[in-house]
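Feature list (source: TrEMBL):
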BINDING   480, 507, 509  Mg(2+) binding site
DOMAIN    42-147  domain 'Thiamine pyrophosphate enzyme N-terminal TPP-binding'
DOMAIN    239-357  domain 'Thiamine pyrophosphate enzyme central'
DOMAIN    449-573  domain 'Thiamine pyrophosphate enzyme TPP-binding'
């Protein structure tokens, strides 16, 4: 079967699987209604139609002289909207957030000054396995190889600096400086982004977008992606070995990891959980990829900072299957996980390793999990143990009237806001830990950037996610330090008529860095954040801001944001003490600090 790139609604991911493309037994080829050498058969029109075909209806970017003609052709496409951002970094973050909700995202910038500005966001998308199409308006095709020096460069006649930078953070690079191979390069780039679930780079000469060429048609023929297939013998051998390993275990568990997204295996993971009866946990960066309303869900496994009673069950198991894990210093809490390789089955998107061996390549995760589900004996022992030791979480100490607001009280109220019509965006910092403890209702989205952990990511990502998932109300949690990095694109949210609720956690600095290693550099200049957003609003669009200092003010603010101001962008600045952090951050910070400060090994 082929996976068809088709209409916008068919490209929306199911169960948060980015780039989830439907399969079909037949492929419909639409005959172009306009001759191939029509005046509308241009490079710019072809690119615009391709973006729409794969599900991109909004492109984020910043105009510059090298991409202006290209932008003319993109906005001429009826199904495509250009959303101008305040800077290229935010445009890249917005495309990242859009890809998380829609399955693929795109941004457009200008040569070098724009390209190098967006590079950090592209690197983050690469680390998180997001299909993102980064389009750059490049130099005039006549300038290549002429030894000329152009503006927006570092003053050398070599125009390859930007390309070389992108080669390390994209899976495919296309430099289009002639029309003969433009069709092939563009289509290959877009299909590679979808197949590899990674960003790609497309540079288009500034003089080319408006020129017709016989290789283009006004309505490009839809192209299809051939599905990746498992090696059937390898799959059967892997399933047999895994089933034998797990069926002899007394109290096995399964743990979902972040690569469930790129493997498009969330449904297969749930199928395995249903069939096996095992206790089900997720790694922190996989929150939102596994339904938390599953009857055997026990929480987030994050070593010493796991949700209550989860680590004890996972680490005491005699067998554990990790589907798509990433074990880095952050997810392992400074390399302190109490796991043993000989107890583990590690399932990566196309590889299965059982304990200390054997290993099986060319086995797709979703195929393996679905097949394994049919071979496992039902064994709920680990989950029953969890129910025996589980003690319901207590409530924060009751606030005195007008007492300064505490973070644990804030998130108790946040929990009540969540529904299937909301999505949570958590910024790098203590919001990681506080949001991790939220219990997500069925259908509630959840996104954060744990692998790359770039502060400021959430402002742009909130913009992009909200633009892609208009049916959901996004609730974003952003620290004051992170907000200062990317605050400008609140204005773009207002221009787009978004109704996000932003909780700005004002605790006077980079709290997550304080708990790793404190110093005067972690203190920032305090802003009047609501005043800033009011100034950005400037009477244009729907916006409501407020500051809260105590629980009474918080309750009133939430009620206003969800009722009277439900159609507005709501910005709620929460004033909390600089040392008011989650207990998980205190533990995690000390362990990461210990890992960072290890002395060099003797040579």
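Cβ atoms here come from the backbone N, Cα and C positions, even for glycine.
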Next item on the list: State the count of C-beta atoms found within 10 angstroms of the C-beta of residue 507 (Mg(2+) binding site), not counting that atom itself.
Entry: 21
Next item on the list: Work out, from DSSP, the number of helix, strand and coil residues along the domain 'Thiamine pyrophosphate enzyme N-terminal TPP-binding' (42-147).
Entry: 50 helix, 22 strand, 34 coil
Note to self: I'd like the number of other C-beta atoms within 10 A of the C-beta of residue 480 (Mg(2+) binding site), please.
What the structure shows: 25
Item checked: DSSP residue counts for the domain 'Thiamine pyrophosphate enzyme TPP-binding' (449-573), split into helix, strand and coil -> 58 helix, 27 strand, 40 coil
